[in-house]
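Please read the structure below before turning to the comments.
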């Protein structure tokens, strides 16, 4: 039996969130940019000899949909925060996405992985060197990977790393204490 994990992929518009998700779940690259409002994908995977059903929420990067973010952040068990290596602005937005996740979760730490996408593009187009991504992720205590949805570089590894982060986070008893108590209740209509 597989364990269900809700993963949320966030980042500015146009960084390749949908391309990464579709490459993982459907093994294809979508080149055209069609702004996402919200899509959900599922994929069963075997990670470290355990079977997981990944429920991946691909979110809108555009600012006009930012009001929806709190809602999907609440439900996420882990987050891929994606920027494009050819967009300095998308890299600078990573901190804002992380802060929003921690604010909504009301925690000081949570399972995230920082992703620099579009690593297949020529170095002359690059606006964010790999070391900057690594340093930012390190300052968050988060793993960092550069990916390419187009050439399928580190696509699986990005999602698998997030699952391992969730597993590691869940095994730390201090993190259990930080979570709000599970709500139980009854509704009488």
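Placed from the backbone N, Cα and C atoms, the Cβ positions cover glycine too.
Note that this is a predicted model, so its numbers are computed, not measured.
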Next on the checklist: Need the matching range: Swiss-Prot marks motif 'Effector region' on one of 24-32, 33-41, 42-50, 51-59, and I'd like to know which.
Outcome noted: 33-41
Checklist outcome for this item: With the fewest other Cβ atoms within 10 Å, the residue among the binding-site residues 11, 14 is 14
Checklist outcome for this item: With the fewest other Cβ atoms within 10 Å, the residue among the binding-site residues 17, 59, 119 is 119
Checklist outcome for this item: The predicted model's mean pLDDT over the motif 'Effector region' (33-41) is 70
